[in-house]
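Per TrEMBL, the feature domain 'ABC transmembrane type-1' maps to 34-319. The domain 'ABC transporter' annotation in TrEMBL covers 353-587. Positions annotated as transmembrane segment by TrEMBL: 33-54, 66-89, 145-166, 172-190, 258-281, 293-314.
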Amino acid sequence: MRPTRLPVNPDTPMQWHVFARLWPYLLEFKQRVALALLCLVAAKIASIGLPFVLKHTVDNLNQEPIATLAVPIALVVAYGTLRLINVLLGEVRDTLFGRVTERAMRRIGLEVFEHLHRLDLTFHLSRQTGGLSRDIERGTSGISFLMRFMVFNIGPTLLEIALVVGVLLTQYGMSFAMIILCSVVAYVWFSMKATDWRTEFVRQANLADSTSNTRAIDSLLNYETVKYFNNEQYEARQYDTNLANWEQARRKNRLSLFALNGGQAFIIAASMTSMMLLAALEVSHGNMTIGDFVLINAFTMQIFMPLNFLGFVYREIRGSLANIENLFNLLGTVPTVADAPSAGKLEINQSRIHFDNVSFYYRAERRILNHVNFTIEPGTKVAIVGESGAGKSTLVKLLFRFYDPVSGAVRIDDQDISTVTQHSLRQHIGIVPQDTVLFNDTIGENIRYGRPDATEQDIQQAIHLAHLEQFIASLPDGLNTQVGERGLKLSGGEKQRVAIARAILKRPAIMVFDEATSSLDSQSEQAILSALREVAEGHTSMVIAHRLSTIIDADKILVMQQGQIVEQGTHSELLSQQGVYAGLWQAQQKQASD
Ligand SMILES: Nc1ncnc2c1ncn2[C@@H]1O[C@H](COP(=O)(O)OP(=O)(O)OP(=O)(O)O)[C@@H](O)[C@H]1O
């Protein structure tokens, strides 16, 4: 698996406050956490006992003559048992605590997911979904790492150091305790400093790694384009340039790791040597036994073993904290389109839509809609036409309240849609969008998405109305055929028909068709148009169209130009006005007859 660690900027301060936010998740399973900690303390006490058993065994064997073998044998058995208890307690602790971590990951994962769906379209358009999912993945694995390592690595190591220093101080005097304490402090200090210094090299290596990978994937995904232009060698050269950077970055990374490991080894060696020298002196002066010498040796080794991982753990913790911070920042993002605290449900009566003097821009420097006024009477069909970029789809986005108007209001049955809940608003509007995106699921599930609790009969009826029957019958697994990225690719027209079936299934009071037949050939278009007419029957509907021939039966046609409605009326009224619409109509008629 590729590392999911976020390269950490060495100047980023440690995000200690993240711990405070994780605390409540630990408290969810108080008893488990308490039991895990109990196992931890018991395991550490067992491991502190080990060198003592060793000491007594050696001292016993060192007696001349050995009185009885029973005592050393019992001691060796005790040694083995203590080791086993130590390991088993560690396993029990891991198993107990695993549940706590997993539950925290689940809770936070769901919280973020729900929050992301609450955020507005502007947020989603400005963030790459790939980047977002990486943030979530890194954040949640950061939580798992942090919880495990704080409780099982840093915590136990600190406890062990305290116990060992305490034992040395009480049993063997100040000098031994001081050497251990000083060398641990030196070791920790050096590891942290050296790790911070190395972070930049690690970051460069990770960056070079992901750049070369992105390049390779991009090139392979564009396989066809590479072949069209005969550019295999060009691609290979580009890839190799990236690989050369990677090689260089890895070299620095490796050398800096050598410096870190070398420094740590030096501190350990110096500490071991001084402890052993001091112990040897004490033995030669008759103040200590050989057993004591072995005990001191065992303690020193025992202390440095977990510290060996310190550089790695420290770097990972920094990375995890930064990743979790990113994740929590996501949670802190406030949606710009939100339900008012007093928002009630949209009450649909006749479903009259009224754009009341609506002005809108995405960015202040470019106004998109300028004082737009129109009404769609209940049960009627209003078509919106106009040049590309005039603001037609923007009207739909405002109707769905993906954005709020800068001034004016959108009303449905005299209720300003910004005063009702978004859920109740969207419940009553169905859409066949310009681009239909399908989920990576079966075609049946994709249709059912319009109303997840629909019956089979409803689904069959929607399929029939959307003229999908023949197409589905031609699929190898019928409704169970997988579609989307890993399944069957549907053509633009087929996708639109799935979208129509979905919208039919939703049974909304208001229907919106945004270029709903743009991907269809003329014959399919006519079939779908008659289906849409059936579907729209009795609904208030808003139709956006490029091809005017598809909307001549509309009750009203609005002609948009640069964010304003410049003409409105029925097809024949507009033709007789001899204005913008008549011009567009003639142009399209001419095009069709050419
Ligand atoms: N999210 C956005 N941020 C900034 N500008 C946008 C955004 N969405 C659309 N626009 C701009 O707003 C203008 C109106 O877009 P809109 O999609 O409403 O036009 P349209 O009339 O539906 O065009 P078309 O017929 O080509 O679909 C365009 O100039 C477009 O570039």
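Yeah, the Cβs are placed from backbone N, Cα and C, and that goes for glycine too.
No curator has checked TrEMBL annotations; they are predicted automatically.
At the 8 Å Cβ threshold, with sequence separation of at least 6, the transmembrane segment (33-54) comes into contact with the transmembrane segment (293-314) through 3 or more pairs. Non-local neighbours of the transmembrane segment (172-190) in the same chain are 161, 164-166, 263-264, 267-268, 270-271, 274-275, 278-279, 282, 288, 292, 296, 299-300, 303-304, 307, 310; each lies 6+ residues outside the stretch with a CB under 8 Å from one of its CB atoms. On the 0 to 100 pLDDT scale, the domain 'ABC transporter' (353-587) averages 87 in the predicted structure.
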